Structure formats: structure tokens, C-alpha cells
């Protein structure tokens with residue numbers, strides 16, 4: 001047999017055989033690109049360069065263009081989408097016979113297809129990869145031949161230092177040894193002092209650059225990454241055990257993950273390079289591999305990038321530690337036990353890693369039951385705190401209050417228009433018709449609609465009643481003696497869902513003179529005995545249960561026999577869930593002397609119910625159609641149409657057996673089966689005084705809270721809540737108490753008790769680096785909006801009013817927990833199109849904080865003043881010194897605070 005080609009090809013060969021982009025063959029021309037790049041400046045947009053020559057612009061403005069995209073069809077060099085001119089995009093949009101959709105980023109060496117609107121992957125063996133390799137070699141050779149370009153800032157600093165040295169030399173013609181030492185120390189300070197550098201924009205990557213600027217000014221992160229890179233010391237892992245905790249020392253033999261190494265390389269380059277602008281292409285590519293959503297050079301969110309970056313490095317470090325743990329435990333435990341232990345550590349977040357050590361903190365949610373006053377705790381880790389902006393709460397209140405009013409209005413309109421579904425609109429009525437004819441037509445249409453709805457309703461209910469009657473009726477009990485029932489209290493309410501009983505208030509009828517009683521509020525039938533003589537029926541508002549007997553036919557008069565009325569009876573639960581409410585205004589009397597039946601018209605009559613329809617039905621069945629006196633002939637037609645349905649309903653109701661088994665219970669317990677246990681969070685019940693359960697590290701009442709400030713956002717985030725209604729607490733203590741009181745009738749079922757409770761979330765373990773996220777981007781209904789209001793934030797933040805009284809990593813007796821601001825990320829513009837910039841504080845590293853991270857020892861006395869430093873505003877590659885007031889007036893989106901020790 002002959003082998004098929006491509007069956008044993010490696011993965012890279014498959015990529016060559018099946019290219020991802022279908023436009024690759026037509027949009028790639030090697031010869032044209034190589035000819036176009038002879039003796040040209042690759043890092044400059046050729047259109048911008050031509051415009052600058054015409055306009056005589058400065059070189060600084062042209063240098064701000066972050067990225068250059070090379071057309072792989074003709075070799076055109078244009079600026080990217082994030083620039084103002086967008087020459088590369090305009091070059092693609094120019095109509096041509098062949099597509100110029102494939103471009104290459106000269107800084108990052110990534111290919112992009114405009115038609116696919118996606119990145120084009122390639123390898124070295126492919127045609128595109130060979131061209132990229134050729135261009136990279138040409139770029140390196142050109143850089144070696146050309147002189148090293150020094151940034152403008154470094155040139156300025158070198159000129160300043162040379163002038164200062166010359167001044168010192170000319171001032172002192174005979175310098176002594178001390179002057180030489182001072183000059184040497186000054187030059188060393190200039191060289192060792194931390195600097196601020198710009199970052200190249202790789203294509204709408206300002207969100208990435210702003211985060212990287214703040215992380216580069218976090219000295220503790222660089223120290224921890226250096227420790228991770230060298231892995232000198234073994235990692236100690238605490239093995240929690242009920243009997244005796246053990247300490248396991250793990251030697252990390254494996255190298256850190258690719259994202260961690262890229263982060264270490266980026267921070268090293270930021271601190272040690274002499275360039276004024278750094279290109280973080282390797283780090284950004286590793287982030288895109290971890291999170292595909294950041295591919296494509298689209299506008300993204302800085303807070304999401306920070307979370308993905310930290311979570312990615314944390315996952316790599318945890319994986320490295322768990323592999324070392326499994327190797328060290330192989331000699332004593334089985335593989336299955338090791339897997340269980342590792343999973344348990346991951347759930348408890350007890351595996352040490354540098355991300356949790358620096359950015360990680362802990363929130364504690366305290367919940368107290370208002371019935372038994374049991375205090376329970378829930379611990380939740382955090383890497384940053386997302387704080388709601390106060391303006392968002394007002395919008396939520398308005399959005400919550402408006403829909404119910406609209407719904408009520410719509411329901412009222414539906415109820416009003418329900419009777420007019422079959423009525424023509426006013427505009428359709430001819431203007432020549434008289435008002436009397438219009439009213440008559442509307443009345444006729446309404447009555448016809450009522451009759452149709454009546455038939456539809458009783459068709460469903462008749463079938464339902466017949467099915468229930470077959471289940472509930474007993475064959476032995478055919479006749480039940482007449483009894484009177486006692487009245488039910490007004491406040492008694494049925495317990496079954498959907499229970500609608502039927503009441504009728506019957507007034508006395510003497511010698512054919514009938515009087516209808518008004519004001520019937522209940523819906524149960526109160527039927528008294530009907531005799532053949534001139535007897536009055538018992539009237540009044542007596543609520544009685546109904547078991548209707550059959551209506552006898554064959555005589556001219558109606559003989560109503562009411563049988564089977566029992567005392568204090570309710571409908572069975574199977575009937576309660578299905579029977580609809582039926583209002584009846586029955587007019588029943590002694591009809592021996594009167595053969596005529598008058599049906600009084602009522603304004604609104606419920607379909608298929610009432611003595612009117614029953615009497616008219618009986619008269620029609622007996623052949624006395626003339627005895628029915630009505631004003632409208634259409635009403636008679638409606639009664640004739642519904643006569644059969646009413647008769648079937650009456651026969652079905654006769655077979656209903658009424659029971660009084662249900663009683664309203666006072667125990668507020670929701671019984672759920674074992675399979676439907678509510679998904680609740682596990683709480684740790686603690687023995688704590690309810691009076692001090694919600695106490696904080698310092699008093700919250702004396703806070704100078706402004707309406708729109710970070711303090712107000714923190715106060716709103718940690719305020720005390722009351723859990724009521726659907727948010728009630730599932731209290732295990734109350735459940736056990738209630739279960740002990742109940743009888744053992746419901747075996748095999750668990751009973752859960754929900755009670756009102758109080759809840760408050762506070763910080764129980766502060767993080768060394770506190771990151772605050774202000775939720776400016778909100779979703780209001782189907783629209784997205786940004787809150788542009790200025791939120792005040794302090795330079796020194798005291799977190800003690802928002803921490804628990806038993807807060808960890810705080811010295812005893814300390815009532816302050818101070819943080820110093822060192823970084824801000826600002827978002828300007830709207831949600832659709834905006835720009836991220838960074839404010840960073842250039843300062844010396846906090847040695848006390850680094851000591852606490854490595855040793856775990858907390859100094860007894862913390863600092864009260866922030867360290868000295870200078871602030872800079874960085875927008876991609878542009879760096880500018882600013883004042884503190886400019887920083888505090890910015891529209892902050894992310895705030896970076898460092899703990900003061």
C-alpha cells in the first residue's frame with residue numbers, strides 16, 4: 001500500500017499545508033517588498049515623513065508615532081490605527097486590482113490581515129516566515145552599521161552633568177580630596193537613581209503600557225521576581241493537619257513559566273537599559289498567549305489586563321510549586337493521595353507564590369442571624385478591590401423604581417383593552433354614523449367577546465373538573481344530608497397556592513319579587529334550603545362551602561336542591577391549584593306562582609357563572625324561551641351558546657367532594673428535598689460576642705467622608721447590610737432548633753429555616769500593595785456608559801476604618817493602617833474611544849516593606865509620612881514631569897497604594 005501524503009507530518013507542516021489566512025498567497029510578494037526596502041528608514045512612516053518635510057514639523061512629533069506597519073505586497077510603510085493619520089489603514093482602503101491586506105508590524109514582527117481582521121500566525125519554514133526572517137536579519141545588520149541612537153532625555157542629562165562638572169572645576173582651581181569625593185558621590189547618585197522610561201505603543205496597547213508603568217515602579221515586585229528567577233532558597237509549605245501541622249520544604253528545580261520570565265526580563269530592561277523608550281513586545285505576546293482576547297490590537301480594559309497578568313503569573317508559580325511538592329511526597333504517599341492534597345491546597349490558596357505575597361489580601365464577610373444571634377464568617381481572597389462609584393447607586397435606584405410603575409401601567413392598559421380586543425378602533429368607525437349606533441355596535445362587540453371568552457374558559461375548566469371529580473368523588477356517598485355551615489373568620493386565608501373559593505350571597509325572594517344583594521367580597525356559596533312553599537331564603541354574608549346537587553329538569557319551574565353542605569370545609573389542595581375564581585350573584589326563589597324569569601343585566605358578569613345564566617339556561621332547556629325577558633337579543637344568544645358549558649360545569653361540581661384537611665400553618669419553613677439543597681456558601685461559625693462582631697480597627701463615625709471620594713466608595717463597599725426577603729440567611733442553628741420541635745411526620749426530608757440577618761464585609765488581611773479599581777464603566781439597561789465624575793483620592797490612605805478589629809499583620813495596639821499613593825491609571829475619553837495614561841511616583845525602594853515580604857516580620861512602629869519622590873505623567877513613549885496637584889486632579893481609574901512601614 002502507498003502511504004498518503006501528510007499523514008506523518010509534524011504540527012508545523014500542517015500549518016504550512018493549511019494556511020490560516022486564505023488571502024496569504026495573493027497578498028504576499030517577496031520581490032516587491034525587498035526592492036522597496038533598499039536604503040530607507042524602516043522605523044518611520046513614509047507618508048508622515050513626507051508630510052513633516054512639507055510642514056517643517058519638529059522631530060519630536062514624528063517620533064511619537066508608536067508603530068510602523070509594512071505592506072507585504074508593495075513594501076509601503078505606514079503608521080497604525082492608533083495614530084491620527086492611519087496611513088497603513090488608508091493604504092489598504094485604496095481600491096486596487098489586487099489586495100494589499102497583509103501587513104507586518106516592524107516593532108513586534110507580527111503579521112495582520114485586514115480582510116480577516118485577525119493576526120496571521122507563521123513559522124520559519126513557511127513563505128511568510130522566511131520573509132520575516134529576512135527582514136529581521138536586514139534590520140539587525142542595519143542597526144550594527146549605524147551609530148547607536150541616544151534618546152533626547154539622556155542627551156540632556158549628559159549635557160547637564162558635564163556642565164556641572166566643568167563649573168565645579170573652574171570654580172575651584174585647586175580642588176582638594178573632599179571635593180573629589182563629593183563629585184564622585186554625585187555622579188554615582190545620578191547613575192544609580194531609578195529612572196522613568198516610555199513604552200512603545202504596539203497598536204492600541206495604551207491599556208497595557210499604563211499598567212506596565214505602574215508595575216515597573218513597584219520595587220518589591222522586582223525583588224520578588226529576582227528571588228524567583230534564582231530560586232536559591234527552598235519554599236516552605238505548611239501542611240495543615242488536625243493533630244499536628246507539618247512544615248514541608250520544597251526545592252524548586254523547574255524554571256519559572258514563560259509569562260513570569262517575560263515579566264522579569266521586562267522589569268530588568270526598564271531598570272538597566274540606557275534607552276529612553278522600551279518595546280515590550282515579548283511580554284505582550286506572552287499575555288496574548290494566556291488570554292486570547294487581547295490579540296488583534298483592539299481597545300481593551302486596563303483592570304482586566306492586570307487581573308489576567310497577575311492570575312497568569314500566579315498560576316505558573318503554583319504549578320511549579322505543586323510539581324515540586326508531588327516529587328517530594330512520592331516516597332511517602334500514593335499518587336491519588338498526592339493529587340487530593342494538591343487540590344486541597346489549591347482550594348485553600350495555601351500554596352506560596354509571589355503574587356499573593358505582594359498583591360493578595362483577604363476579605364471577611366461577617367453574618368449574624370437576628371433570631372439566634374449566631375455569628376458566622378466567610379473568608380474571600382482578593383488581588384484588588386473593585387469599588388462602586390456613588391453615581392452608579394443613584395442610577396440603580398432610578399432604574400429599579402421605574403419599571404414597576406411601567407408594568408402596572410401596562411397591566412392596567414391590558415385590563416382596559418381586554419374587553420375591546422374584538423372592537424374596531426375609533427378611527428375605523430365611519431364619521432357619518434350616529435353616536436347611538438356606535439355605542440350599540442361597541443356593546444354588541446363587547447358582549448360577543450365576553451361570550452367567546454366565557455366559552456374558552458369553561459371549556460378548560462369543565463375538562464379539569466371532570467378529571468378531578470373522577471379522582472375525588474366516592475361511589476358510595478351519593479346523597480348527603482343538608483346541613484348549615486358556620487361562618488369563617490375574615491382573616492382566615494387559604495394556604496394552598498392559587499386557592500380561589502366560590503361564594504354567593506343569596507337574598508330572600510318572596511312571590512317572585514327578587515332583591516339582589518350587593519357587596520360580595522368572598523367567593524363561597526351560602527345556600528339555604530329551598531322548600532316548595534312561600535319560604536324566605538336565609539340571607540346575609542354567610543360564607544359556606546359548596547357542594548351543588550343536580551338541577552332537575554322536566555317541569556316549568558326550577559327546583560333547586562342543595563345537598564351535601566358540610567361544616568368548615570375547604571377545597572382539596574388538588575382543586576385549589578386549578579380552580580379559578582367564580583363570582584356569582586344568584587337570584588333563586590320560589591317559582592311555583594311565577595313562570596316568568598327575569599334576568600337583570602349587571603355591568604360586568606363573570607363568564608359562565610351567576611344565577612342569571614343558570615336560570616336562563618334552565619328556562620331554555622325546559623322550552624320556556626319566551627319566559628326569559630332581556631333587553632338585548634344578543635345576551636340571549638350568548639346564554640344559549642354557553643348553556644351546555646354551564647350544565648356540564650354544574651354536573652361536574654356536583655361530584656366534587658369537599659374536605660377540610662388544610663389548615664393555615666404559622667411555621668415559616670421551606671421544605672426542600674435532599675436533591676434540591678440550596679447552593680449556599682460554607683460559613684465558619686465562631687463563638688463571638690454579637691456586640692463586637694461588626695467592630696472595626698478604628699472608629700468609622702469620625703470619617704471625613706466626601707460625597708464623591710475613595711473614602712465614600714470604601715464606606716459603601718464595607719457598609720452593613722440587612723438580609724431580608726429573598727436574601728434571607730439559611731441558618732443552620734435555627735434549622736436544628738426547628739427540626740427538634742417538629743414531629744417526625746416528614747421523614748427523609750430536610751427542613752431549612754431562613755431568617756433575617758445582618759452582613760458586613762471588611763478587610764481582615766491587608767495586602768502590601770493595595771490596588772483600588774473605581775468602577776467607572778457601567779451598564780445601564782442595554783446601554784454602556786462611563787462615569788466621568790471626578791473622584792477624590794488621598795495621597796495617604798488610612799484603611800483601618802474598613803478593617804476588622806482582629807486584622808492580621810497589624811501590630812497590637814495599632815489603630816492606623818496607612819498606605820501611600822505611588823501610581824495612578826487615568827482613562828480619558830469615552831467608552832468607545834479613549835486613551836489610558838499613567839502617573840507614577842519616582843522614589844527609592846521601601847526597605848521595610850521588602851524586609852516584611854522576605855522575613856514576615858512586621859515593624860512595631862509604622863511610618864506616618866510618605867517617602868519623597870517626583871511624579872511623572874507617561875503617555876506611551878512620552879514622559880513629562882508633573883506636580884502632585886495634577887496627579888490628585890486626574891480622572892483615576894486604577895489606584896496603586898504601597899503600605900507605609
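Don't overthink the numbers, they just go from 1 along the chain as shown.
Quick reminder: no glycine exception, Cβ is built from N, Cα and C everywhere.
Predicted, not measured: the structure shown is a model, and the values here were computed from it.
Sequence annotations record features per position, and here Swiss-Prot assigns active site, nucleophile to 206 based on sequence analysis. Under the heading active site, proton acceptor, Swiss-Prot lists 835. Positions annotated as Zn(2+) 1 binding site by Swiss-Prot, on the basis of sequence analysis: 21, 23, 113, 116. The annotation Zn(2+) 2 binding site is assigned in Swiss-Prot to 45, 48, 79, 87. Look at Swiss-Prot and you will find 71, 74, 91, 100 tagged as Zn(2+) 3 binding site. Here Swiss-Prot flags 410-419 as compositional bias 'Acidic residues'. Annotation comment: Swiss-Prot describes 436-456 as compositional bias 'Basic residues'. Among the features that Swiss-Prot reports, compositional bias 'Polar residues' is placed at 482-494. Summarising the annotation, Swiss-Prot assigns domain 'USP' to 197-900.
Less than 8 angstroms from the CB of residue 113 (Zn(2+) 1 binding site) sit 21, 23, 24, 27, 101, 102, 119, 120, each of them six or more residues away in the same chain. Neighbour density at the Cβ, taken as the number of other Cβ atoms within 10 Å, is lowest among the binding-site residues 48, 71, 116 for 116. For residue 206 (active site, nucleophile), the spatially nearest entry among the recorded positions 79, 87, 100, 835 is 835, judged by CA separation. With a 10 A radius on its CB, residue 45 (Zn(2+) 2 binding site) counts 24 other CB atoms from all the protein chains.
Nearest neighbour of residue 45 (Zn(2+) 2 binding site) by Cα distance, taken over the recorded positions 74, 91, 835: 91. Cβ proximity to the Zn(2+) 3 site centre (mean Cβ of 71, 74, 91, 100, cutoff 8 Å) flags the following additional same-chain residues: 72, 73, 75, 76, 78, 92, 103. With respect to their backbone Cα atoms, residue 835 (active site, proton acceptor) and residue 79 (Zn(2+) 2 binding site) stand 17 Å from each other. Listed in sequence order, 45, 46, 47, 48, 78, 79 are the same-chain residues at least 6 apart in sequence whose CB falls under 8 Å from the CB of residue 87 (Zn(2+) 2 binding site). Cα of residue 91 (Zn(2+) 3 binding site) to Cα of residue 116 (Zn(2+) 1 binding site): a span of 16 Å. There are 24 other CB atoms within 10 A of the CB of residue 79 (Zn(2+) 2 binding site), with all protein chains counted. Here residue 116 (Zn(2+) 1 binding site) is positioned 15 angstrom away from residue 71 (Zn(2+) 3 binding site), judged by their C-alpha atoms.
Looking just at the domain 'USP' (197-900), the mean pLDDT is 69.
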